[in-house]
């Protein structure tokens, strides 16, 4: 019985619900409520809800962004990672910024290291679909170590993963300058050029770093190709080769055949959690092309980026903000301007984790969300930042588009010119004034907040199982 109480308390700490709380401000000025104290009746209720939620998820679970990124995937991954043996990244690179908080409210901004790194019992995997900037990865690893989090022995990187070099960043900037007035709005982290090297078959994979001579030859060829293509290209390839000799020694303990590792983990009954980067509406094939990322954040990219078969996935969680945001250029049907946009941006602190750029703000777009669900087949939804909508008199949800020809559609257009001209058809719902940042159970949410979540659930046809009500790890409501 004592053991059971300890398990309940431990699960409750992941999702909140305590007899006492203390509040502090994080380094961005946001209020973070931190749970403390002994298990209470409320905590037990939360713990039991979390146990039921865990039981539904199964051995292989993917957490994917369903909008334009920045939905809060890292927080859910960090929470769920306590129940999983393996936490894996499958695609993207350092253009994907994930912000997570530990039990003390300390913030960690991660770009390449999987969000499950705070779980001491989990092995973090960087899969073959990720493009890896090794100096940047080691910066993150070193910062984590300074904060008392040691990634050594707990993180492996695929020998098939392609390397992203500083020359790719240089190319990214030169390419953006070439586009002039038609800029994509790239993060200039070199992601697109790195994937281009992969596609044109002159990329360098992590496993190549083990052969010093071959690595040098491949990097020289890559630099020569870039110099021939871009007039203003500047890159000291010989200095980079010397630099990577030291990096090669340091990365060696992390290199592994992750395809074999993750499949053996699955076959032995271990639980695997996949952390998606970017989001479906930025998918190279399904997103608002060409205003997209250079990889496939949808479910297909998960399978390709890890070498894990589709039939092995039981749970696919789509993460969506209670409103929407977007960074960079591209069509955005529910975009808001003026006072409402400014208010939501400040309340939600909507600035890019990777770029620091102010995010564009919009109402929740169910046409886009249902499109993402169509592609991924979500089994559950995680609605995040519901607390940001507090204090609003009324809320709007985009439920359809009115096309330039006057017809109304609930399908997401592929044509960008059409998408830029659509008029959004909205439903209006009543808002709520209560502060919900300390709410930890469904029953304690204001009625109008419940109605909002239930309407999203109804429109999506998918259960909104997890509801984020604040930035802290404990600020999560599980819908019974």
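Along the chain as shown, residues are numbered 1 onward.
Using the three backbone atoms N, Cα and C, a Cβ is placed for every residue, glycine included.
Fair warning: this is a prediction, and the values are worked out from it, not measured in the lab.
What Swiss-Prot records for 70 is active site, proton acceptor, and it gives sequence analysis as the kind of evidence. Residue 70 (active site, proton acceptor) falls outside any helix or strand according to DSSP and counts as coil.
Secondary structure from DSSP puts residue 98 (active site, proton donor) in a beta strand. Marked as active site, proton donor by Swiss-Prot: 98.
Note: residue 69 (GTP binding site) has non-local neighbours 96, 278, 279, 282, 326, 327, i.e. same-chain residues 6+ apart with C-beta under 8 A of its own C-beta. Per Swiss-Prot, the feature GTP binding site maps to 69-75, 97-99, 359, 385-387, 468-470; the stated evidence is sequence analysis.
For the recorded site, residue 278 (IMP binding site), the DSSP three-state label reads coil. Per Swiss-Prot, IMP binding site is recorded for 70, 71, 72, 73, 95, 96, 97, 98, 187, 201, 278, 293, 357, and the stated evidence type is sequence analysis.
Taken from Swiss-Prot, the feature Mg(2+) binding site applies to 70, 97.
The C-beta environment of residue 356 (substrate binding site), restricted to residues of the same chain at least 6 apart in sequence and closer than 8 Å, is empty. Positions annotated as substrate binding site by Swiss-Prot, on the basis of sequence analysis: 353, 354, 355, 356, 357, 358, 359.
Sequence annotations record features per position, and here Swiss-Prot assigns transit peptide to 1-54.
With respect to residue 75 (GTP binding site), the closest of these recorded positions in Cα terms is 98, chosen from 95, 97, 98, 357, 358. Residue 98 (active site, proton donor) has its Cα within 10 Å of the Cα of these binding-site residues: 72, taken from 72, 359, 386, 469.
Taking the Cα atom of each, residue 357 (IMP binding site) and residue 70 (active site, proton acceptor) are about 12 angstrom apart. Highest Cβ count within 10 Å among the binding-site residues 72, 99, 359, 386: 386. For residue 72 (GTP binding site), the spatially nearest entry among the binding-site residues 95, 97, 358, 359 is 97, judged by CA separation. Fewest Cβ neighbours within 10 Å among the binding-site residues 97, 358: that distinction goes to 358. Ranked by Cα separation from residue 359 (substrate binding site), the recorded positions 70, 95, 97, 386 are led by 70.
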